[in-house]
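One structure below.
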Amino acid sequence: LADLWWIYSKPVPADGRELWTLFLQCSCITAVIGGLFYNWMFASLEYSWHLSVAMAVSFSLLLLLTLLLVHPARCVFSMVMPTLGTKQGRKLLFSTCVMIAVVNITPNIVSNIKTILQVIKCICRNSSDSLLNSTALLEKVSWEFGDAIQETVHSIYKPMNGHFRFSLLQNSSLIYQKMHLAGEKISREFLSVEVLVKDSIRVANRLAAGFFVLYLCFESTWYLKNYLTNLHFDNFYITKRLERLAMERRAAHLLVGSSKNLIRPTGLKLSWEEVVLCLVQAMLVTVALLLLLVVVAMDHFAFSVADTAVTKAAQFSAVPVTLNIKYKVSAGVPCPALCGDPAWCPFREVELLLGDFNRTYHHHLIFSSARCSISPPTPPNPSVLLAVGLLSCILYATVFLEALARRLCRRVAASFFPGREEQRALHLYSKLSRGLGKE
């Protein structure tokens, strides 16, 4: 492995064997990266498969030529992988989390909202149907009541026709049609909003993902440029070259006395600045993940409401309605009209019963029916939650591994440019020597 890395990091291959080895290394790297690039474009960014294949093949060929012919490009590309552990890599991972949440969670929320609207539509239709049927009962009651009024004993007291007519039943189809049109309009609006949200976030995520990938390359290029041009940049490590230089000049005490300011690149010790940066980045990651958890919580809340609505709607019982009509007609008749001689009548007037109507009618108001087509609520997808949780753990891991990622970038740059690393070690040694001389 050391020999392979030496051939890969050399500016120019020494012979044909090293050239073929470098070509095979670059070919394997571009094949793996091309496959990942295709999967990223097709599965994550949701491009068409033919566009993803064309872009992956073109990118792989361009990357192969660049790695094979340009030595600094190989260094920059090698530093892109450690750079994924920095804040730019976290932005790319968070972009992936957002895309997973939008593509999988948003349709689930919209589906559960549609289920709730279907329950409301079913209740409205059945209750209106039941109310319309109650008008038929009222019409039946009115006709029976009118017939009872007409059947009085004496025709002289017979009132006018007491029948009523209800024309509300003739408009039932119009009501159903209006309800159907309202439901279709709401469904179209929800569908258009869902498509608009998904398309907008998909385009925004594609732009953000492309920007983050380009910025990853820019970050690696910026690090290499500062490493080659600025001797002070990221130069506070006790490297093997610095230790060898101190041993050759018999100044090993410089490294011991400056142990508080210098750290070893292979160790786990973090400087105070690195600790503060990790805490700040951890807070930012927590805030971003809380916003993502709001979307996940909305998914669970929508499912809970939809499931409760479907369950309660199925448990609605019919509401009994009782209509009791009591009707009694009587007339006061003078006593002489009945017995002829007032002396024989004990009262001056008697009450004559002309009609008696006492009936009870029963009806039921129905709010739900098995004929309603209600789609079952869609529970949250556990695989989506698992993917988001795994990416969240990786995000937190990169916060505390960012310092180690930067150290790995420095080691990669040092292996590609050993002469510059020697100059940096000499500059740090001179700086430590001047500091000890001032003390």
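Each Cβ is built from the backbone N, Cα and C atoms, and glycine gets one as well.
Annotated transmembrane segment per TrEMBL: 20-41 (among others), in sequence order.
According to TrEMBL, the feature transmembrane segment maps to 53-72 (among others).
Positions annotated as transmembrane segment by TrEMBL: 92-111 (among others). Cβ atoms under 8 Å from those of the transmembrane segment (92-111) belong to residues 44-46, 84, 190, 193-194, 197-198, 201-202, 205, 208-209, 212-213, 216, 285, 288, 292, 295-296, 298-299, 302-303, 375, 377-378, 380-381, 384, 387-388, 391-392, 394-395, 398 of the same chain, restricted to positions at least 6 beyond its ends.
Annotated domain 'Dendritic cell-specific transmembrane protein-like' per TrEMBL: 233-429, in sequence order.
If you look up TrEMBL, you'll see 275-298 (among others) marked as transmembrane segment. Panel annotation: around the transmembrane segment (275-298), residues 87, 90, 94, 97-98, 101, 105-106, 109, 380, 385, 388, 392, 395-396, 399-400, 402-403 of the same chain, lying at least six beyond its termini, place a Cβ under 8 Å from a Cβ of the stretch.
For the transmembrane segment (384-405), same-chain residues at least 6 beyond its ends with a Cβ under 8 Å from one of its own Cβ atoms are 82-87, 89-90, 93-94, 96-97, 100-101, 104-105, 268, 270-271, 274, 277-278, 281-282, 285, 289, 292, 296. Under the heading transmembrane segment, TrEMBL lists 384-405 (among others).
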